[in-house]
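Per TrEMBL, these features apply:
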- ASP264: Mg(2+) binding site (BINDING)
- ASN309: NADP(+) binding site (BINDING)
- 5-365: domain 'Isopropylmalate dehydrogenase-like' (DOMAIN)
- LYS75: N6-succinyllysine (MOD_RES)
- SER88: phosphoserine (MOD_RES)
- LYS117: N6-acetyllysine (MOD_RES)
- TYR135: site 'Critical for catalysis' (SITE)
- LYS201: site 'Critical for catalysis' (SITE)
Amino acid sequence: MEIIDIVYIEGDGIGPFVMEAAMKVWNAAVGYVYNGSKKINWIEAYAGKKSLEKNGSLLPDETLKKLKEVKVGIKGPLETPVGSGYRSLNVALRQKLDLYACIRPVKYIPGIKAPVKSPENVDIVIFRENTEDVYAGIEWEENSKEAIEVIEFLNEKFKINLHNASIGIKPISEFRTKRLMKMAIDYAVKNNRKKITIVHKGNIMKYTEGNFRKWCYEIAEEHKDLIDKNSIEINDVIADNMFQQLLLKPEKYDILVTPNLNGDYLSDAAAAQVGGIGIVPGGNIGDEIALFEPTHGTAPAIKDPKMANPTSLILSGVMMFEYLEMKEVSSLIENSLKKCIKSGIATKDIMPDNPVSAVKFAAKIIENFN
Ligand code: NAD
C-alpha cells in the first residue's frame with residue numbers, strides 16, 4: 001500500500017469542526033478511488049490557540065519543520081486579533097515557508113444563491129502575491145525611534161510637515177513579481193486558460209505597483225513563444241476599475257495576477273460574487289511547499305460551529321489532490337459535493353430553512369460518490 005504523508009493544522013474557531021467533516025470526505029474519496037492501495041497518513045501540526053495551550057507557542061518551529069519535511073499541508077483558519085497582539089500567523093506561515101502565490105479559483109456552484117445575474121459565467125483564478133507589499137509586516141508605531149527617523153527624513157526631503165505618524169513599508173520586488181507571474185503563465189498553459197490580467201495601481205504607486213505591472217509584462221515577453229503557442233492574451237487593469245469589473249462583468253476575466261493587498265480584497269469580493277467565502281477554496285504555493293486553506297476565517301459570528309460550512313476547506317482539499325496529481329480523487333469529491341448542493345443538501349449559510357450540520361453534509365457527499 002502507498003502511504004501519502006500530509007500535514008494538517010486544525011485551526012481556531014470553526015476550524016476543528018470543518019476539518020473533522022472535510023477529513024471524512026477526503027479519506028472516503030481516497031479509499032473509494034484506490035480501494036486500499038493508497039492511504040493518507042495525516043500528520044497533525046499545531047498553530048494558533050491549540051498550539052499555545054499545548055506548546056506555549058502560537059507557531060512552534062516543529063510545525064514549520066514538519067511542513068518543510070512533508071512539503072504538503074492543509075490548514076483551518078487561524079485567528080488574528082486586530083490592532084494589538086500578535087501578527088497574523090497565516091502571514092507568518094506564508095513568509096517563513098516562502099509560499100509566494102496565493103491561488104484562489106472562484107467558480108460558481110449551482111444551487112447557491114449568488115448576487116451576480118449570471119453566476120454560472122464566473123470562472124476566475126486569482127494569483128495573489130503572498131510575501132511582500134504592505135503585508136510584509138514592516139511597520140512602526142508612531143513615536144517609535146524608527147518612525148521618528150523616517151518622519152524626519154520625509155519632512156526634510158518632501159517638506160510635508162508630518163507629525164505623530166505610524167509608518168509602513170510597501171516592498172514590491174522584481175524577483176518575487178516575476179516568479180508569481182511565471183507561475184500564473186504555467187498554470188494557464190496547464191489548465192488551458194486563455195487570458196491573464198495584471199491588476200495593479202501603477203497609476204498612483206509608480207515604483208511599486210507600476211513596476212509590478214512592468215515586471216509581469218517583462219516575464220511574459222521572456223516566455224512569448226509559450227504564450228503565443230497557447231494563444232494566451234495578457235492585459236492589465238487598474239485595481240479600482242477591476243473591482244467594478246468584478247461586480248459588473250466577471251465573465252470577462254480568467255486569471256488575475258496582483259500584489260498582496262489588492263489580491264486580498266479582490267479574492268473576497270470575487271468569492272462573494274459566487275455566494276460567499278464559506279465556499280471558495282485556496283492554496284498557498286511555493287516552489288517546494290504547498291499549504292492549502294479555506295478562504296474564510298474562524299467565523300466567531302457563527303453561534304454553533306458544528307453548523308459551519310466545510311465546503312471551502314473540502315474544496316481546498318480538492319486543489320490539494322490536484323496538486324498531488326490525484327485527479328480522480330478531486331473530481332469525485334467535487335462532483336459529489338456539487339450534486340449535494342444542487343439537490344438542496346447544505347449548511348445553514350446556503351440553506352437557512354433546512355440546514356444540515358458540517359458532518360452530516362460530509363456524510364451526504366460520501367453517500368453520493370459514484
Ligand atoms: P470570517 O471569514 O471568519 O467571517 C466572515 C463572515 O463569513 C461571517 O459572517 C462568518 O459567519 C461567515 N463565514 C465564514 N466562514 C464561514 C463558513 N465556513 N460557513 C459559514 N459562514 C462562514 O472573517 P472575520 O470574522 O473577519 O475573521 C475572524 C477571524 O479569522 C479573525 O481573527 C481573522 O484574522 C481570521 N482570519 C483568518 C484567515 C485565515 O486563517 N487564513 C482568513 C481570514 C480571517
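Glycine residues also receive a Cβ, built from the backbone N, Cα and C atoms like all the rest.
Ligand 1 lies within reach of ASN309 from the recorded positions LYS75, TYR135, LYS201, ASP264, ASN309, judged by a C-beta closer than 6 angstroms to any of its atoms. Of all the recorded positions listed (LYS117, LYS201), LYS117 has the fewest other CB atoms within 10 A of its CB.
LYS75 (N6-succinyllysine) sits 14 Å from the residue listed as 'phosphoserine', taking the Cα positions as reference.
A simple way to gauge crowding: the CB of the residue listed as 'N6-succinyllysine' has 27 other CB atoms within 10 angstroms, across all the protein chains here. DSSP gives LYS201 (site 'Critical for catalysis') a coil state; it is part of no helix or strand. The DSSP secondary structure for LYS75 (N6-succinyllysine) is strand.
There are 18 other Cβ atoms within 10 Å of the Cβ belonging to ASP264 (Mg(2+) binding site). In the three-state DSSP scheme, ASN309 (NADP(+) binding site) falls into the coil class.
Between the C-alpha atoms of LYS201 (site 'Critical for catalysis') and ASN309 (NADP(+) binding site), the distance comes to 34 Å. Spacing of the residue listed as 'NADP(+) binding site' relative to ASP264 (Mg(2+) binding site) is 21 Å (Cα to Cα, whole number). When each of the recorded positions SER88, ASN309 is scored by how many other Cβ atoms sit within 10 Å of its Cβ, SER88 comes out lowest. Remark: TYR135 (site 'Critical for catalysis') has VAL91, ASN260, LEU261, ASP264 as non-local neighbours, by Cβ distance under 8 Å and separation of at least 6 in sequence.
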